[in-house]
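As given in TrEMBL:
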| type | residues | note |
| --- | --- | --- |
| TRANSMEM | 21-45 | transmembrane segment |
| TRANSMEM | 65-87 | transmembrane segment |
| TRANSMEM | 108-127 | transmembrane segment |
| TRANSMEM | 133-153 | transmembrane segment |
| TRANSMEM | 165-187 | transmembrane segment |
| TRANSMEM | 193-214 | transmembrane segment |
Amino acid sequence: MNQVPVGEAFTYGWNKFTQNVGVILLAALTYIAIFTVVTIIFFTILVGTAAATTDAYGNISGGGAVGFGFGMIVFIIIAVVLASLVQAGIIRGSLIATQGRPLVYQDFFRFANVGTVILTALLVGLATAILSITFIGGIVFAFFAQFALFFVIDKQLGAIDSITASFRLVYANLATAVLLFIGVYIAEFIGSLLFGVGLLIAIPVAMIASAYVYRRLIGEHPV
């Protein structure tokens, strides 16, 4: 069991963020731009489809309704995949930051195992959503799986192996993992209060702090 001061991790995260603030914000704005463009394109298509299949009384035909519903499903799938890649990109950048070298823009967009990243994120998200029926179940699963993508990106583990490794690491270091989990959510909650703009700072700082804790818990030493 390795005891890692979580306050120290967030101080480290803040310092690394300020040292790389330009490239981190540029990557974040790129993510936002991609999401915005994809959203505009899809909703333009969906609205156009609905308008083309609407009769004089404003009713959408059966075929139009099916097409609209299918389009929404496709949009949700693409949004989930993009969100998975964004999360992975931030984690990858955070892990690189702990190696002591300055971040570059490309660090947030290079993946050697895209399929595994997406599969792991989908499995964790799906399990969390299903277990959220009991409310506490989803939180508990998300808590134990918090390092899954770190193992995928850092150690190239498979989806199931990475989730299992995260569960074991968290179980062996419950006190530190609980404090980190709470700290991350508090940071992101505070960031969300500033019209979401604060998340541009809160998320990178929290992820770098998580990468710091991850390195320490597996016996490595962040630089």
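Using the three backbone atoms N, Cα and C, a Cβ is placed for every residue, glycine included.
Note: TrEMBL annotation is automatic and uncurated.
Listed stretches 21-45, 133-153, 165-187, 193-214 were compared with the transmembrane segment (108-127); the greatest number of C-beta pairs under 8 angstroms is found for 133-153. Note on the transmembrane segment (133-153): residues 87-88, 91-92, 95, 111, 113, 116-117, 120-121, 124, 127, 159, 161-163, 165-167, 169-171, 177-178, 180-181, 184, 210-211, 214, 217 of its chain, located 6 or more positions outside it, place their CB under 8 angstroms from a CB of the stretch. Residues of the same chain lying 6 or more positions beyond the ends of the transmembrane segment (21-45) and with a Cβ under 8 Å from any Cβ of it are 71, 74-75, 78-79, 82, 86, 89, 93, 102-105, 107-109, 200, 203-204.
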